[in-house]
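Trainee: Among the features that TrEMBL reports, transmembrane segment is placed at 9-29, 41-64, 76-95, 167-186, 207-227, 233-250, 262-279, 291-309, 321-341.
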Amino acid sequence: MMKFTKQNFIFLVGGIMIYLVDIGVDFWVASKYICQGQYSWSILILCFRGLSSLITQIFSYEWFKNDWEGTDTRKLKWIFLVHLFHCGIFIRYWFALKYGCQAAFKQNSSGDASERDPSNFIQKQAIDVVTDINMLRVFKTFLETTPQLFVQIYILMEHGKYNFCQYAAIIMSFCGISFSMVDYQISLRKSLPDKDEFRVLPKLAYLFYKLLTITSWILSISLITLLSIRSSVILLIFLWISGFTWTLKQRTTFCKSKKMEYLYRTVVGIILIFTFFNIKGRKTKVCISIYYATHAIVTLGILFVYMFWKPSVIKEIHYTIVSILTILSLVLGIIFLVVYYRHFHPTAYCRPQACSDEVDGETEQKDRVETGRFQNFIVQ
């Protein structure tokens, strides 16, 4: 079983700071738009914030209810009240700091891998709590941060007015995506005992793969939105329906109740608009190839549409810059994707038995530590 280290604790504290700053920046940007009379942009940003907060509170409370089933009902009522006021994530961060501090600074390492050993039990508690937070942050990233990044880039491209407020929002969006993606992979590695530690090079390869492919796709959607908002909306709805249909076909088993499972599939459908996730822990070489090949074709299609629909725009410098960034980030992103999955993905160097265990996400694993709900989550 991997350990919750001091470095992990520092990342946890950094994640809390990023989360708090992100909240402040969102309301600051929204207030700036209100002062400028751009009420629609302000409402849109606040809607993204409200929707992501509502969904993460629902999942967070359900997980508390599942974990504390059979315990004192007064605690659950108090937890429900906290989540009702959209503060559930802070309760989770408090538990994470509590267990993380014990695991990283107060527990001695032990060779006994048994969960009954006190030091290993604290380690597992810390990893499980942080894993839940990182799962919620993945939801937040694709329900709020990524759409907000798209909106901010679109505003810059449409109006051509640059100010510190918009730059701050874009920087915070990139920081939020970066921390969310890296922390998610760290939690994944720690929750799968047979996997090696997520070292610096794999982190960088994974980070650049995600950031560059997401950036390319956001720029592509921004370009088609400049042409026609209706076309952009139709494309996004079609992509969500495709992703949601794929989750139905995969028959995911993440939640205990059917209602929560359909909510989970709805969220995953939104995530799949922006990036690929393997939701069943199976081999995905064909699926991921089709996914990014489709993105590449659509991206090139959008650029060609500009050439025939609005040839005058091609001469503008901002279109040239955006086009170069779109293609360059897509190519580099796919290169980092290939590098990551060929050299750094867990199945590239894990033991044969461990690999077969990961592929079959629904098989009982006798000699491994129980990984909780994360074993049914989006495994890459």
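Cβ coordinates come from backbone N, Cα and C, glycine included.
TrEMBL does not curate its annotations; it predicts them automatically.
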Trainee: Take the transmembrane segment (41-64) and find every residue of the same chain, 6 or more past its ends, with a Cβ under 8 Å from one of its Cβ atoms.
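Mentor: For the transmembrane segment (41-64), the far contacts come to 23, 26, 29-31, 33-34, 76, 79-80, 83-84, 86, 88-89, 92, 132, 135-136, 139-140, 143-144, 147-148, 151, 155, 255, 257, 260, 263-264, 267, 373.
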Trainee: Can you say which of 167-186, 233-250, 262-279, 291-309 has the most Cβ pairs under 8 Å with the transmembrane segment (9-29)?
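Mentor: Ranked by Cβ pairs under 8 Å, first place goes to 167-186.
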Trainee: Are there 3 or more C-beta pairs under 8 Å linking the transmembrane segment (262-279) with the transmembrane segment (233-250), counting only pairs at least 6 apart in sequence?
Mentor: yes
